[in-house]
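Swiss-Prot annotations:
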BINDING   ASP103, TYR107, TRP124, ARG125, LYS126, GLU127, ARG128, HIS157, LYS158, GLY159, TRP160, ASN161, TRP162, SER196  folate binding site
DISULFID  CYS37-CYS65  disulfide bond
DISULFID  CYS57-CYS105  disulfide bond
DISULFID  CYS66-CYS109  disulfide bond
DISULFID  CYS89-CYS175  disulfide bond
DISULFID  CYS96-CYS146  disulfide bond
DISULFID  CYS135-CYS209  disulfide bond
DISULFID  CYS139-CYS189  disulfide bond
DISULFID  CYS152-CYS169  disulfide bond
CARBOHYD  ASN69  N-linked glycosylation site
CARBOHYD  ASN161  N-linked glycosylation site
CARBOHYD  ASN201  N-linked glycosylation site
LIPID     SER234  GPI-anchor amidated serine
SIGNAL    1-24  signal peptide
Amino acid sequence: MAQRMTTQLLLLLVWVAVVGEAQTRIAWARTELLNVCMNAKHHKEKPGPEDKLHEQCRPWRKNACCSTNTSQEAHKDVSYLYRFNWNHCGEMAPACKRHFIQDTCLYECSPNLGPWIQQVDQSWRKERVLNVPLCKEDCEQWWEDCRTSYTCKSNWHKGWNWTSGFNKCAVGAACQPFHFYFPTPTVLCNEIWTHSYKVSNYSRGSGRCIQMWFDPAQGNPNEEVARFYAAAMSGAGPWAAWPFLLSLALMLLWLLS
């Protein structure tokens, strides 16, 4: 009798530990990976409403990591944000430039990139994003709209001549059509910002990839995406039901013992 009670007590303790661990992981995912801002050059400490966000950054106005001023600067050539010159190989086509503006808005404003934030040791930022699963249609359209524009590099994070205060092509770096340096949409989106993005096989609306473009009237679809990946990273995603199944098995053992 005493042995049976000891066994039952041990089973109960195991059940409590398992369920407790699962709840801890879920809580960690919610606080550390969701609704957060990067520790970077222009980001706010915490996301919040910004009613006057400018033009292409407006989809994030209900909950943003960027200020109104940052959103305005995101639309300018050689803005104070990073002194980056989109027209380094002649005038960039407006259809192409709008993708880079949207890319900047997503980077500066989105509070839904937590699952992909990584620490870095750089003078201008302490954190970056890595391998954000960008919806394939957003990447394909970006590449298509930039086919007629020119550039001189495949990695825009490094290798520029900054002596004039903004980026210019390095000596010997020839200006070529985008498709010369970016032969496919995947190369463009994965390589241009040193793997900040990783093109997803999922489509817009799937809940499994980050949308650069969305209609705020329909809500922010990237919130669901962030929750999915945060849960998966915390070990509480598709396996969230296993504590219950284990507890059920333990209870059966208890009854049969």
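From the backbone N, Cα and C atoms, a Cβ is placed for every residue, glycine too.
Listed recorded positions near TRP160 (folate binding site): none (candidates CYS96, CYS105, CYS109, CYS139, CYS146, ASN201; Cα-Cα distance within 10 Å). Of all the recorded positions in the record (CYS57, CYS89, ASP103, TRP162, CYS175), the one with the smallest CA separation from ASN69 (N-linked glycosylation site) is CYS57. Residue pair CYS109 (disulfide bond) / CYS65 (disulfide bond) shows a Cα separation of 4 Å. Of the candidate recorded positions, CYS65, CYS105, ARG128, CYS175, the one lying closest to CYS135 (disulfide bond) when CA atoms are compared is CYS105. Sparsest Cβ environment among the disulfide-bonded residues CYS65, CYS175 (other Cβ atoms counted within 10 Å): CYS175.
Taking the binding-site residues LYS126, ARG128, LYS158 in turn, the residue surrounded by the fewest other Cβ atoms inside 10 Å of its Cβ turns out to be LYS158. Across the fold, the C-alpha of ASN201 (N-linked glycosylation site) and the C-alpha of ARG128 (folate binding site) stand 23 Å from each other.
Across the structure, CYS65 (disulfide bond) and CYS146 (disulfide bond) place their CA atoms 28 angstrom apart.
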